[in-house]
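Annotated features in Swiss-Prot:
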type: TRANSMEM; residues: 33-53; note: transmembrane segment
type: TRANSMEM; residues: 77-98; note: transmembrane segment
type: BINDING; residues: H83, H182; note: heme b b562 binding site
type: BINDING; residues: H97, H196; note: heme b b566 binding site
type: TRANSMEM; residues: 113-133; note: transmembrane segment
type: TRANSMEM; residues: 178-198; note: transmembrane segment
type: BINDING; residues: H201; note: ubiquinone binding site
type: TRANSMEM; residues: 226-246; note: transmembrane segment
type: TRANSMEM; residues: 288-308; note: transmembrane segment
type: TRANSMEM; residues: 320-340; note: transmembrane segment
type: TRANSMEM; residues: 347-367; note: transmembrane segment
Amino acid sequence: MTNMRKSHPLIKIVNHSFIDLPAPSNISAWWNFGSLLGVCLGLQILTGLFLAMHYTADTTTAFSSVTHICRDVNYGWLIRYMHANGASMFFIFLYFHIGRGIYYGSYSFMDTWNIGVLLLFAVMATAFMGYVLPWGQMSFWGATVITNLLSAIPYIGPTLVEWIWGGFSVDKATWTRFFAFHFILPCIITAMVMIHLLFLHETGSNNPSGMNSDSDKIPFHPYYTIKDILGVLFMMITLVSLVMFSPDLLGDPDNYTPANPLNTPPHIKPEWYFLFAYAILRSIPNKLGGVLALVFSILILVLFPILHSSKQRSMSFRPLSQCLMWMLVANLLVLTWIGGQPVEHPFITIGQVASVTYFFTILILMPSTALMENKLLKW
């Protein structure tokens, strides 16, 4: 009798993806973030579903319904803060996952990489719409400012903004459609994750050396399942500690004030995980230029396979490229800090310098350094 996991049509798929999957024997903890993102997605869908049971997407009752969830629903505060801080964890892991892909040259798997970039856009859209839902001051003004950026699109811009708003300002129609999209997008993300994995399993995983590892593979289970479980445990300890001890650490105090269209907050800013892109947007005085820079700051990831000029895939044995990689990380941290500061001197100048450095490092410094390394190695 054949083993059921190898013969059953459905279980066979799971077996080939998570049990008998040949994996490189030398992948490090940097490869844990894929599974952690999967756990985060499941957690977000689950907590989001329970929140949706009590939330009302109406401008008059949205803020009260969130208060009701925290005060009156059994463990509602826990579900709400797990969902809010779970989003932060999601983005931390997402950025680590992308960073690992850049460092070890995983972008060479172009299909997997491009689906990943689309996934990033989908997750960012979902997070933005989720931030808008509690109908606090920052929710309302964040929605107004970010949707209003589309008015920079020539000719169709103003009409497009009013179409998204469902009126002449952010109001009930906007809230209802944002809630609908926030609810459906995670399902689309789940489908995209499956395509992401499908493409990945066509080629097999990359490894820290960047070399072909077909001659040295081990089964995914039990070696990497146990390693992933350890990662999940660390993640849950961090998330639960954050939720229990300081749930509002990553939030904005302005969002505890009900939305008021007549009163603008002194400093409108998005959640911390969008601050780097927000800083790039603000660093350009022209509206259309700012919007293009904002989009391109994420879309630039698509260019990594094209810009790769080194004869080696990974940065493991390329010290000069490693220096540039960490310079890029430091630059992104500076941009994140600047995005949270008011628009005044010296923050404006620092933001502009950091924005130029960001694009200059990726488009010019990294490819030219890789070519120089080839020369030094006489390749």
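Each Cβ is built from the backbone N, Cα and C atoms, and glycine gets one as well.
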Please determine whether the transmembrane segment (178-198) and the transmembrane segment (288-308) are in contact (criterion: at least three Cβ-Cβ distances under 8 Å, sequence separation 6 or more).
no
Sequence-distant residues near the transmembrane segment (347-367) by C-beta distance (under 8 Å, 6 or more away from its ends) are 279-280, 282-284, 293, 296-297, 300, 303-304, 307-309, 321, 324-325, 327-328, 331-332, 334-335, 338-339, 341
Range from 77-98, 113-133, 226-246, 288-308, 320-340 with most C-beta pairs under 8 A to the transmembrane segment (33-53):
77-98
Hey, what's the Cβ neighbour count for H201 (ubiquinone binding site) at 10 Å?
14
Cα proximity to H83 (heme b b562 binding site), best match among binding-site residues H97, H196, H201
H97
Looking at the stretches 77-98, 113-133, 288-308, which one shares the most CB pairs under 8 Å with the transmembrane segment (226-246)?
77-98
Work out how many Å separate H182 (heme b b562 binding site) and H201 (ubiquinone binding site) at their Cα atoms, rounded off.
29
Cα of H201 (ubiquinone binding site) to Cα of H97 (heme b b566 binding site), in Å and rounded, measures 17
All-chain count of other Cβ atoms within 10 Å of H182 (heme b b562 binding site)
21
Give me the long-range Cβ neighbours of H97 (heme b b566 binding site): same chain, 6+ apart, Cβ under 8 Å, in sequence order.
F33, G34, L37
What are the non-local neighbours of H196 (heme b b566 binding site), defined as same-chain residues 6+ apart in sequence with CB under 8 A from its CB?
T112, I115, G116, L119
DSSP output for H83 (heme b b562 binding site) maps to helix
Just how many other Cβ atoms lie inside 10 Å of the Cβ on H83 (heme b b562 binding site)?
21
Structural state of H201 (ubiquinone binding site), classified by DSSP into three states:
helix
